[in-house]
Every structure is written in structure tokens, then in C-alpha cells.
Amino acid sequence: MVAAGKLYVVVVMLLIATISNSVSADPDMLQDICVADYNNGVKMNGFACKENFSASDFFFTGLATPQSTNNTLGSIVTFAHVLQIPGLNTLGVSMARLDFAPGGLNQPHAHPRANEMLFVVYGELDAGFITTANVLVSKTIRQGEIFTFPRGLVHFQINNGKGPAAAIAAFSSQYPGREDIAPSLFASTPPVPNSVLSKAFQISYQEVNAIKSKLA
């Protein structure tokens, strides 16, 4: 157990270092730090710098404990990006914790601004992404193993194991963004026209409305 804990810490540190130094999707920083000022009204790519800062601007406890997976999908994602840690502004990295009940799904989605590396803390996950040529690249990953998802490609994870699972994700952006495919198409505001969805998925208007009402 102690060895597994040490491996977990080492791998997470390597994930952060690798993404920060080689594949950052955000612009390079021009100063030591630029703690995000959430109250500044200036619109810019990122956040304006706060004049006064403290250690708490670089600290976050949200990934320390499992979160409840008592929901429709049986999974929960807890982000640690610039909206939780203002000190990440301009640093080009962020993380997330993923918790899964048995059978839990992190539904198909994409991160428009970041590559992702996923490290399994415990349990096992079936993970995959789809290329723009509609090729599925997938693998079962277990405790201590890593799977990588290229920026912008649709991907997912599902826990087909008998017990709970958890993973830590590292991103090459301070704010990777997330677009869930099903809600984007069937629960947008204003809604995507039924004619578009009916033709795209080759289903009836009645079926489109049934899906929309489920995701509303």
C-alpha cells in the first residue's frame, strides 16, 4: 500500500512536469506568476493579474477525497483548473479527479483546449478516443497505468469492473474546457432543430424529443 502511494505521487508529479514543459496549449507566461483576478472586468484571453496574492491562491484540497457517484451516469469529475486555483493563471496546466461506481461512465466528450493524460489510482477503466477518421482507439487500463487523449478528440471512460475506480487527469491548459457530446446536441440553448438531429442520427422526431426530454 505504501509503495502504491509513492508510485501515485511520483506519477502525478511526472504528469504535471511533462505537460507543463512540453505540450502546454496556453500562451507562454511573461512573468513569474499572474494570479487570476476574478473580479477584474477586463475581457482577455485568460484572467488579469491580481495585485496581492497569498499561498492559498496556489492551494486546493478538492482532489483529496472521493466524491459521490450517486447520479445517472455513476461517475463524477472534480476539476482543479484556474477557476478553482487562481494561481494556475498563465501556467498552462490543470488537473481533475474522476470517481466511478461499478458501471459508471464518463460520457463521450472533448476538451477543445488541452491534451489529457489519465492515471488510474485504483480499479480499472475501459478508455478510448475516436479519431477524425472515425477510428476507435481504446484500451483497458488498471491501477498505476496511463492512457492519453489528444486535444479536441471525443473520448470516454467506463468502469466495467466489479468495484469502484478512481483516476487523476492532467491537462495541458489552465482551463481545458469540456463539451459533452449528447447534451451539446440534445440539450443546447436554444435547441438544435429536430430536423437536423433527425436526419443526422436517422431517427424520428418523436425519438429526438424523447432524448431531449431525458437530457433536459
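Placement of Cβ uses the backbone N, Cα and C atoms for every residue, glycine included.
Bear in mind that TrEMBL entries carry predicted annotations, made automatically and left uncurated.
What TrEMBL records for 1-25 is signal peptide. Look at TrEMBL and you will find Cys34-Cys49 tagged as disulfide bond. As annotated by TrEMBL, domain 'Cupin type-1' applies to 61-209. Under the heading oxalate binding site, TrEMBL lists Asn106, His111, Glu116. The annotation Mn(2+) binding site is assigned in TrEMBL to His109, His111, Glu116, His155.
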Going by DSSP assignments with H, G and I as helix and E and B as strand, what are the residue counts for the domain 'Cupin type-1' (61-209)?
22 helix, 57 strand, 70 coil
Cα distance (Å, whole number) from His155 (Mn(2+) binding site) to His111 (oxalate binding site):
9
Identify which of the disulfide-bonded residues Cys34, Cys49 has its Cβ surrounded by the largest number of other Cβ atoms within 10 Å, counting every protein chain shown.
Cys34
Relative to the Cβ position of His155 (Mn(2+) binding site), how many further Cβ atoms are located within 10 Å?
23
Applying the rule Cβ within 8 Å of the centroid of the Cβ atoms of Asn106, His111, Glu116, what extra residues of the same chain belong around the oxalate site?
Ala96, His109, Ala110, Leu118, Phe149, His155, Ala169, Phe171, Pro176, Arg178
Which whole-number mean pLDDT does the model give the domain 'Cupin type-1' (61-209)?
98
Tell me, how many other CB atoms lie within 10 A of the CB of His111 (oxalate binding site), whichever protein chain they belong to?
24
Same chain, not part of His109, His111, Glu116, His155: whose C-beta falls within 8 angstroms of the C-beta centre of the Mn(2+) site? Give them in sequence order.
Ala110, Ala114, Phe129, Phe149, Leu153, Val154, Pro176, Arg178
Report, as a single number, how many Cβ atoms besides its own are within 10 Å of the Cβ of Asn106 (oxalate binding site).
25
